[in-house]
Amino acid sequence: MSPSARARIPWLVALLVTAVAVQAAIGWQYGQPPLLGHEGSDPFTSSWAAGLRLLAAFAGLGTAAALASVVVTARRGTERRGLLGEPALDRLAVARHWALGWTAAALALVPFDAADTNGIAVGVVLPSLSDFLLSVQTTQAWLLTAVVAFLLSCVLPFVRTWRTAAVALVVVVLVHLPPVVTAQVSVGADHDLATDAAIVMTLAVTAWSATALALSAGSRPPTDVLRRYSRIAGLALLVALPARVLVGWFEMAGRPWVSPGYGLSVLVAVGLLVVLGVLWLVRWTRLRRDPSTAPAGLRLDALLLLLLAGVSVVQSQLVPPRFREPQSSQVNFLGYEVPDPPSMLALVLPGRPNLLLVLLAAVMVALYLAGVRRLRRRGDRWPGGRTAAWVIGWAVIAFVSLTQVWQYASTTFSWHMVVHMVFNMATPALLVLAGPLTLLLRARAGARAGQLLSVRDLVNAGLGSRALHVLGHPLVIWVLFVSSFYLLYLTGLFEVAMRYHWSHQLMNVHFILVGTLYYQVVIGIDAPGRPIPHVAKLGYILAAMPFHAFFAVAVLNSAVIGAGYYSGLDLAWGPNLAADQQVGGQLAWGMGELPLLGVTIALLAQWFSSDQRAARRFDRATNAGHDTSLDAYNEMLAELARRDRGEARPAPTAAPRQPPAATADDDAERPTPSGQR
């Protein structure tokens, strides 16, 4: 059997097993009492919806796998300007074909998903499809998936570098999120925790699956590739297994897992991850002891991961017990009840955690400290102030996410504005003072000829890209920073974002990211793509201040923002919405101006320090005889004085001053020209 034929075996087996399981699940579910309002569903619509979901899931993984076969196995080569070779371009062509199939399946799924989600026949949906597109989250998610997949199919023929292929792979992994976060995990009590768990699980499993499928398609991977796969699989397993258990706990709503229907599907999903964990442990142990004895074939891993994707399709045809639980308006929007009004103790008391941000903060701090540790073990120094800035910045984000501040930020506009100002205006200033990219580039060595390309190489290549040069332009970032306030709060977008947990989290990530980009231009330690002088940085800050103040005034004078959302929460202690918005506007004004003032002080300190360093460098150069500008200036003044007195210029009596011989210390300070040692 040829290698290409063997590579198809996991796909065919998983497709067959999942198709049988889907039909069994549909048959079993139609024997159960239907959900209220789903009495009009029919097996034809359910079967087509499940089949198209299966094809879309496998096509998405195929796209990711084809891209991963380029990204994960790429090595530092000798190609001109880092262009990909013909084998890599062939694999990108395969990715394009997968993306076209993904587009077709996702687009065809739109009407069937709308019908299946609402428990009606597809014939009822087709005449008024636009209405369903405006009201059904999952249908919108599949339409978005189809659009992005089609755009990828249009872009991939023009991809010529490893850097661009890596960016495309990241996009493909992220596009797997919308159909997940809008499905079963978005409904019922604790759906906030379940959605966060589903996000990290989907990202981890998709990256893992793409790598396993990519490496299972050929012969035995080299040892360094196997080690890379084992690291990816180990990290993914560390995240995916507990996240899958948490999602299962949410879906079962206290029902026993050992039960027919949905309980069985949860057990199968967890069981597949456990088996994958055992396989990973065996491979990792043997790789550390003797790489030649490590199991090389990854087809079993690929098959189990495809079956795991199939389980998700099966679950889409089953009703989770959580759906049969009654829920209040607060649970519907938030995932939890908020029976008591906030108090000042909410600033310190533990509350409903923001699981995603807490996990993100922990990972960011751990990675940074690991980089510092690597530098110190190598004998290099790293400023402690930078480490403190990074740790404090993420600690503040984690603190807000763990206390009742976050809990009440979802219920009142004033508390939401506190979180906004902390995430967007305060903590980013600390994060950019830590220089994380500088730390990464110093702690990790770049790949040498023949070695696998790494994250360090991707960051290094990205910093020199034209796209970053354009998108990182200070004017572009300034417009993005300033306009975000107005576009979010004064257009109705805020109410839409608050209604769903996934969109609320997207808004939080946007706050942190945009604030970080803005402050990076002004006081960032990492070298910017387009450096600007300190005086321009000062104007950069001062230009934003009035727009922030105008935004606060607009909030104070506008109609109630998010009135439909806040009224829908039906809080027994709910504040007057207009009065609460007045408090929020005042907080936006005060809490926004203070960080900008602090950043201005930090900028002035950096400016003074920069001038001091420049003066010391000039003094050293002058004392060493490397700079004769001062002598020339003095000679010019003397010549002007002689002219005024009518004296003739004296004849030179000595040879021009020559720089002294370079010392070892001078050579250490003088930059080495490129290509010399």
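Including glycine, each Cβ sits where the backbone N, Cα and C put it.
Feature list (source: TrEMBL):
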COMPBIAS  649-663  compositional bias 'Low complexity'
REGION    641-677  region 'Disordered'
TRANSMEM  48-72  transmembrane segment
TRANSMEM  93-112  transmembrane segment
TRANSMEM  166-185  transmembrane segment
TRANSMEM  197-217  transmembrane segment
TRANSMEM  262-282  transmembrane segment
TRANSMEM  302-319  transmembrane segment
TRANSMEM  355-375  transmembrane segment
TRANSMEM  387-409  transmembrane segment
TRANSMEM  421-441  transmembrane segment
TRANSMEM  475-494  transmembrane segment
TRANSMEM  506-527  transmembrane segment
TRANSMEM  587-608  transmembrane segment
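As a quick check, the transmembrane segment (302-319) and the transmembrane segment (262-282) clear the bar of 3 or more Cβ pairs under 8 A, pairs 6 or more apart, so the two touch. Most Cβ pairs under 8 Å to the transmembrane segment (355-375), among the stretches 48-72, 421-441, 587-608, belong to 421-441. Proximity of the transmembrane segment (197-217) to the transmembrane segment (93-112) is not established, fewer than 3 Cβ-Cβ distances being under 8 Å for residue pairs spaced 6 or more apart. The stretches the transmembrane segment (48-72) and the transmembrane segment (166-185) are in mutual contact, each linked to the other by at least three Cβ pairs under 8 Å (pairs 6 or more apart in sequence). Under 8 Å from some Cβ of the transmembrane segment (587-608) lie the Cβ atoms of residues 414, 417-418, 420-422, 425-426, 429, 433, 519, 522-523, 534, 537-538, 541-542, 544-545, 548-549, 551-553, 555, all in the same chain and six or more residues away from its ends.
Sequence-distant residue pairs (6 or more apart) of the transmembrane segment (506-527) and the transmembrane segment (421-441) include at least 3 whose Cβ atoms are under 8 Å, placing the two stretches in contact.
Counting same-chain residues at least six beyond the ends of the transmembrane segment (166-185), those with a Cβ under 8 angstroms from any Cβ of the stretch are 56, 60, 63-64, 67-68, 71, 95, 137-138, 140-142, 144-145, 148-149, 152, 155-156, 159, 191, 194-195, 197-199, 202-203, 206-207, 210, 247, 250-251, 312, 315-316, 320, 322-323, 458, 500-502.
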